[in-house]
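Dropping a structure here in structure tokens format, bear with me for questions.
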Amino acid sequence: MLSLTLKEAVHKLRDGSITAKDLCEKCIERLNKTQQLNAFITETVDVSRDSAAETDKRRRKSKPMRWRKLEGLPIAVKDNFCTTGIRTSCATTMLQNYIPPYTATVVQRLQDEGAYLIGKTNMDEFAMGSGSVDGIHGPVRNPWKYKFTSSNLENQQTKPIEQVSMRNYHTSTDDWHIAGGSSGGSAAAVASGVCFGALGSDTGGSTRNPAAYCGVVGFKPTYGMLSRHGLVPLVNSMDVPALFSKTVDDASILFNVMAGHDVHDSTTVTDEFNHFTLPDNMNIKDLHIGIPKEYHAPGLSKDVHNAWEEAADMFEKAGAKVTQVSLPHTQYSILCYIVLNCCEVASNMARYDGIEFGHRAANEDSTEELYAATRHEGFNDVVRGRILAGNYFLLRQNYEKYFAKAMQVRRLISEDFKKVYASGVDILLTPTTLTTAPTYKWFTERDNRTSSEEQDIFTQPVNMAGVPAISVPSKLSTDGLPIGLQFIGQNFKDKELLTIAKWYEQQVQFKQLNLDYLDNVS
Amino acid sequence: MLLTKLTCRLCFQRVSRNKNCFCSKVPKTPIWEEVDHTRIPNVPQIDQEMINHLERVSLVEFNNQAGIERLSKAIESANKLHMVNTDGIEPMESVLEDRMLYLREDKVTDGKCKQEVLSNAVKTIEDYFVAPPGNIPLKTKERDYGSNSNGS
Amino acid sequence: MAASMQKISSHICQLCKRRYLTFSYKRSSSNSKSKPWKSVVGLEIHAQINTESKLFSGAENKFGGPTNTQVSLFDAAFPGTLPVLNKGCVEAGVLTALALRCTVNKVSKFDRKHYFYADLPAGYQITQQRQPLAVKGHVDYCISDKNSFETKTANITQIQLEQDSGKSLHDEKDRISLIDLNRCGTGLMEIVTEPDFSDGTDASAFVKELQKILQTIQTCDCKMEEGSLRVDANISVHKSGEPLGIRTEVKNLNSIKSVSKAISFENETRSFDNEIDETVPMRDKEVKTDYRFMPEPNLPPLHLFDSESVKTVSSKMSVINIDDIQQKLPPLPEDTRKRLEQQYSLKRRDVAVLVDNSGLVDYFEDVMRLSPTTSAKLVSNFIINQLLGVLNDRKLTIYKCPVKTEDFGKLIDLLHTEEISYSTSCKVLDEMFEHPNIAPEDIVDQKDWRQISDTQVLTNICEKVLEEHPKLISKYRKGKLKYLHTLVNKAVIDSNNKANPRILKQIMEDLLDNK
């Protein structure tokens, strides 16, 4: 049942071939069996069971009722989306006991269409990171090549929060792979079959990166299509709520439920949103694909390069026009991101002082002392480091040199995309990440900033320009890990992007991870 | 002798004249520009005055030498931006700069939710939030950040 | 000029009790001690916008609500909440900008200004530092007291929209601050002036004029005691011809009186400090707090239109047309003053008093409407010099004046035609307050207060007086003119105080000259 796609599950729920209760119990069982992946921070199994029961009750009623688009469907939501009455911690000490009194718009829209929350997923603290290893609840483990053994299952306990804060918390000697970040928990949840779709956020690749590592679809829509009301911000001018799913069609279904103007978010476009379904066929011969040469960056692994080449060649042989293009400022995007990210972080984190919400330190000598102590106890090194760097870049004497400069480079990056699309290219094809999912050991040898600089280079420029992009699993590497390829589209042409991605997915027929064998393990 | 094979300009393979060369559009080698260190400014020394100033405006501490190095590394990365020529380029603050800002009608649609507003505060007194006295500058603590700081 | 020791002095303002610092450094003394100190004052005025809801949230904007009941999650800076701009605030800002003769920027932007304070939950204020709503305006106003009357023009640098902060109640004993966020996020218009004012009287006169303008266009209720209008003053003291001296900031002045007093106090103190120390100013850059301004990423630029450019808008979204708002601009105090001057040939000084006092212009013009042939000069004069006084004594406003404008006009007519004397008219006015239903001419008749203007009757009285006092006549003839007045007074008494003094005097003079 859990290897169904979202689309299939929704159909089966509608026609009654599976009950919501059965589906819910299966998901909860898978959740329990995969605890050691540490994909969830908060599990809302009671809420899930109640919602599933409610769905079945609605079906049994004699009067016909509107069967909502996602009726009875369990989804997971990254723990930086506010959910009424349910802890939203952003994997940080600062918000570890924060219970929002409101729900994020995109989550509400999914719930209004009958989906229910199975849990809040694990992430990097405040979404700062590209490995999902820097949160207070410990790292997320990639289900691919993960050795689930009964001894592991036995050792699994809920980690007490007081113990976590150090990067090298996990002392297992197993060489497991990271899930990617910062939305690793959501990616792992979908990949391991716990749910049929999940929400993440994408600021520099935080959804596409873990999607590639975990072998699932990761879709970042155009900036302005999905409301950020209720999403705890990292970089307001780049954050986008994003989706994980098993197939491109699934992503499209979720997107259509969530998209559209929100009066609570002034950065959503006010244009009327025209709902769509993706065609099953498309004429590939009308397509013009661009291969940006700068995306062959230093460090690109052979496996990923081969997958990219095979995909480009496949499109060309099928009759599409494929040309090499240039996005000359690509390599500067990540540097630009460092400045803009740190500056926004310095600003966005200024509200954490312990007075209205969040952690509050015990020092009451003065407001300044209280704030400083609260922020020292509440933030990890990564967050603090970005705040200090951001304030450095925003100092009066540095503003022009760094912040204004970064904004100028941002325009150049955005112009790169505009020029390429103006020349007739419909879509760009690139790798999503430099390599397949690294091991935890390898990854933690680097500091957070270096990792981001390396892991986000292909995904980050997309956020600079606001254009939509999607990572689709293409094949496995020589060592059995998934490789994701990225399609980048034009502003507000999300449907076109998804259509092409769907065609590609149909060609490669990527075999999803199947953990059904865990059902037989007691 | 007629040349029957040509070298494809894209992939440098030799192909028969009669056949269309199919060569991948994906580049075979990385093409990133080397960092020209002569074109980028040096990372300044982070002196004690700067440390104090940043800690005061951030209300966050560097904590240790590693913290200061983190900042230096961030500045080093940011300095590389100066390799890009941005003369005459208008800074881009928002990708929605050409869009019109949505305006809300002047109506009361919010508030009257005192319980929710206070629900997450650790300390409240009679519906007020509670803060210690303000306008008292942070005590500058004696901290040794090692050799990186000047004149500390 | 060698700069040596930096001096930072901390003071507590005696009026607003807030701490402020002054920054200065010493230099070698010059020989400028003989020149007088001049001060240069600039103002930053924060006016709360009179809208139903706040600037970026839908919470209610009302004075005095129960603690933390007018607070949305955005106002309390809950993570994930976002600002949404209130159209009413923008319209109010544009109307104010037009009333202050500013140029409205077609595109303006919002910024974050960062600082930590308990009543600022987000750790930053959303304001418009780089590209504000409007720039470069001016206001004409009058400074008047008993002895002098002067008209001046103050220049406006810019007007920007920004958020107000919450309120803290300080409990010194328990060493805590209690924070109420009801006011947090209320829309403010910050009106920044050039340093055009020379002293407290000047600055406070300007603030009064600004109040009148804002109240006329109804964008701010200007209740300084409630905090809906607050003034910060920047004061520099220097000697004529030399660069500006120490800059002092005095913040949060919340009454016209305190504006005047605080600035005067600072002037004296600065001048005093300067006499002792011969200090010169620090460069501003070195002393100002670094607010680390950053563009507000959650608010794309605000576009405003005029009747031409609005045609290019294809979106169905509501837009703001500056020209439409211009049409809605009512007559401003200065417009009214100019009109009264021209229409009724009144003096600027008198017109200023009429406009200064709320409701008086309407009363005056109603009188003139009902009695068009009456002397406008006399009407305005009598309103200013008599009616206002009586209202004050009885603690009434003009709106509660029991004397109908029609009757007031008739009273003035009686005075104008000399049926009653000036002093009698004051008595009649008192009676009209007591008995508002009796017409003034009836009061005059009842009290027998009509003046005698009949020349024959008055001649008889004069001749009788002259017959009775030959000695006074001869004294007068010897050149002692004061005896004319004595004779006139005697005649007035004989007439039971009813003689028309002007005519009586004339007759007496004639008789004396011709006898």
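Numbers run from 1 along the shown chain.
Cβ from N, Cα, C; glycine included.
Features from TrEMBL:
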DOMAIN    A:23-149  domain 'Amidase'
ACT_SITE  A:LYS78  active site, charge relay system
DOMAIN    A:175-498  domain 'Amidase'
ACT_SITE  A:SER182  active site, charge relay system
ACT_SITE  A:SER206  active site, acyl-ester intermediate
Sequence gap of 6 or more, C-beta under 8 Å: which same-chain residues meet both conditions with respect to A:SER182 (active site, charge relay system)?
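Same-chain residues close to A:SER182 (active site, charge relay system) (Cβ under 8 Å, separated by 6 or more) are A:MET123, A:ASP124, A:ALA127, A:MET128, A:GLY129, A:SER130, A:SER132, A:SER201, A:THR203, A:SER206, A:PRO210.
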So how many other Cβ atoms are close to A:LYS78 (active site, charge relay system), meaning within 10 Å of its Cβ?
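Taking all protein chains shown, A:LYS78 (active site, charge relay system) has 33 Cβ neighbours within 10 Å.
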Count the Cβ atoms, other than its own, that fall within 10 Å of the Cβ of A:SER206 (active site, acyl-ester intermediate), considering every protein chain shown.
36
Could you break down the residues of the domain 'Amidase' (A:23-149) into DSSP helix, strand and coil, giving a count for each?
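Computed counts for the domain 'Amidase' (A:23-149) are 44 helix, 19 strand, 64 coil.
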